[in-house]
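*Asks:* Here it is, the structure in full.
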Amino acid sequence: MPYLVALLLHCLPLAMGQYDICKSWVTTDDGPSWEFYACQPKAMRMKDYVTVRVDPAGITCGDPPERFCTHENPYLCSDECDASNPDLAHPPKLMFDTEDEGLATYWQSVTWRRYPEPLLANITLSWNKSIELTDDIVITFEYGRPTIMMLEKSLDNGRTWHPYQYYADDCMEAFSMPARRVRDLSTTSANRVLCTEEYSRWAGSKKEKNVRFEVRDRFAIFAGPDLKNMDNLYTRLESAKGLKDFFTVTDLRMRLLRPALGGTYVQRENLYKYFYAVSNIEVTGRCKCNLHANLCTFREGSLQCECEHNTTGQDCGKCKKNFRSRSWRAGSYLPLPNGSPNACAAAGSAFGNCECYGHSNRCSYIDFLNVVTCVSCKHNTRGQHCQHCRLGFYRNSSAELDDENVCIECNCNQIGSVHDRCNETGYCECKEGATGPKCDDCLPNYYWRQGCFPNVCDDELLLCQNGGTCYQNQRCLCPAGFKGVLCQQSRCDADRKDCDGAPGARPGLGPLLLGALALQLPGWVDL
Ligand SMILES: *[C@@H]1O[C@H](CO)[C@@H](O)[C@H](O)[C@H]1NC(C)=O
Ligand SMILES: *[C@@H]1O[C@H](CO)[C@@H](O)[C@H](O)[C@H]1NC(C)=O
Ligand SMILES: *[C@@H]1O[C@H](CO)[C@@H](O)[C@H](O)[C@H]1NC(C)=O
Ligand SMILES: *[C@@H]1O[C@H](CO)[C@@H](O)[C@H](O)[C@H]1NC(C)=O
Ligand SMILES: *[C@@H]1O[C@H](CO)[C@@H](O)[C@H](O)[C@H]1NC(C)=O
Ligand SMILES: [Ca+2]
């Protein structure tokens, strides 16, 4: 019973119902209408929606069956793990079930029989949805907490990972970090990643089972010890850079690096008492919906915000189609107590009739032209309504005008094209000899070398004379005894000793072609 009361008190401030409605029907002087507020879903037990992965393969005990003992009973190794027997198996899902009174169910690793090779295990939790932590992460270990472990988080569904907290019985030795406590952090360091020794020391496996990531202690830096001043916390979350993101995750990973040692050094003669056993991982948080939803539902295997304010997306992270007259913005906790919805607006409704297709949040009236025009068009757009693409960009024909991808960069080849602009289908204007949409190719009879140049020779047309061969259309490789651009000139002219045996052939080309070549090759006059 005392436990239950404590739990209720514990949950109270976070369940207090701030920002829990998105809109209400109100009556004003102009008649009834909707009023909109910033809103967020309730905090939930996130372990109910998680997928788990345990690495490396073969780290879960029981295949083959294995005996183990405990630190309390090191010489009574009668406990058995057997994956093929439901009563003796310890699969990962037992970290997320509901515990019956007094009877813990747990995932268990193999024992440290490969000592001194380290006993390493990763437990990765994925939600495929960004969630905001609202309470401590609590990991419960049976048979002792690891002497070294690390918590990591991802914000992008596991593509990149960042350290979240380090845990060791000796932080300096394990991570070369000084030991710190979250309680000692200040308002400016509330999102610091630190190493703590509080949850790794041996205190008997029954007495101290939990390893925490302290969300509450961090909130308390702003909201006071009982989290009474949540307004201050919300103000800080809104204004302090990176603070909101610090409490946001899509995935968590526990890296277990060294098991409990029972308060002493590793005893090689009995390695069956070293292993990891996790009975519960409690993660409390809410779906991140950018303050545009107060409901989050589990559909098709994923959490999904039920977006209001004419927003859409898994996190309500963009405006609905036809509601993009200004750019999307997250709702704000400020001003207190109801915040700002920053709702998406229907095209044409935002600023009289100045439509900016969602590429600008501002319009301005230009007095001497008597027009209202969008200011600072984003997404490479320009124009009174941000309806054109900037120079060097062209319209994506498969995108709506209010799409962020509506303007595509021309990407004209700098050498091959006349300038960096292109026509409506993305074609650049090419210099002589260049071709292709981006002018990065050469027309036939031209070769590429920092631009397109007309071919000097061509093997097919046999332009190189006297047995010369054409090298990359750029020049003729002449046999000994001949020189000139097309090997047309006998070396005899310059050096009479070489003349013997040189074929006296003269060019066999028709006068027409020779005339053309002469035009192309101004240096070549010796016919
Ligand atoms: C655990 O994950 C980390 C990356 O976060 C990886 O470098 C390491 O190899 C993994 N360890 C195991 C035992 O799979
Ligand atoms: C993740 O969520 C998105 C959006 O709801 C969904 O399209 C996708 O299939 C999900 N992926 C997995 C692996 O569940
Ligand atoms: C969203 O659009 C609907 C019209 O489809 C409108 O009635 C409603 O007021 C809009 N909501 C907000 C928050 O702008
Ligand atoms: C054009 O717009 C569509 C729709 O938004 C998008 O899927 C596509 O990637 C865009 N094309 C380019 C080349 O950016
Ligand atoms: C753009 O230029 C290409 C190549 O010159 C041409 O085929 C295409 O029709 C042009 N598109 C438009 C819309 O003018
Ligand atoms: Ca359990």
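Here, residue 1 is simply the first one shown, and the rest follow in order.
Including glycine, each Cβ sits where the backbone N, Cα and C put it.
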*Asks:* Can you tell which of C439, C442 TrEMBL lists as bonded to C430 through a disulfide?
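*Replies:* So the cysteine paired with C430 in TrEMBL is C439.
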*Asks:* Going by the disulfide annotation in TrEMBL, which one of C389, C422 is bonded to C410?
*Replies:* C422
*Asks:* If you have TrEMBL open, could you say which of C487, C492 makes the disulfide with C478?
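*Replies:* It is C487, per the disulfide annotation in TrEMBL.
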*Asks:* Same chain only, sequence gap of 6 or more: which residues have a CB within under 8 Å of the CB of C430 (disulfide bond)?
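*Replies:* Counting only residues 6 or more apart in sequence, the Cβ neighbours of C430 (disulfide bond) under 8 Å are G416, S417, V418, G436, C439.
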*Asks:* If you draw a 10 Å sphere around the Cβ of C410 (disulfide bond), how many other Cβ atoms fall inside it, taking every protein chain shown into account?
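*Replies:* 22, counting other Cβ atoms within 10 Å of C410 (disulfide bond).
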*Asks:* Reported as an integer number of Å, what is the Cα distance between C422 (disulfide bond) and C487 (disulfide bond)?
*Replies:* 42
*Asks:* Restricting to the same chain and to sequence separations of six or more, state which residues have a Cβ under 8 Å from that of C478 (disulfide bond).
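*Replies:* Non-local contacts for C478 (disulfide bond): C464, N466, G468, G484, C487.
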*Asks:* For the domain 'EGF-like' (453-488), DSSP counts of helix, strand and coil?
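*Replies:* So the counts come to 0 helix, 10 strand, 26 coil.
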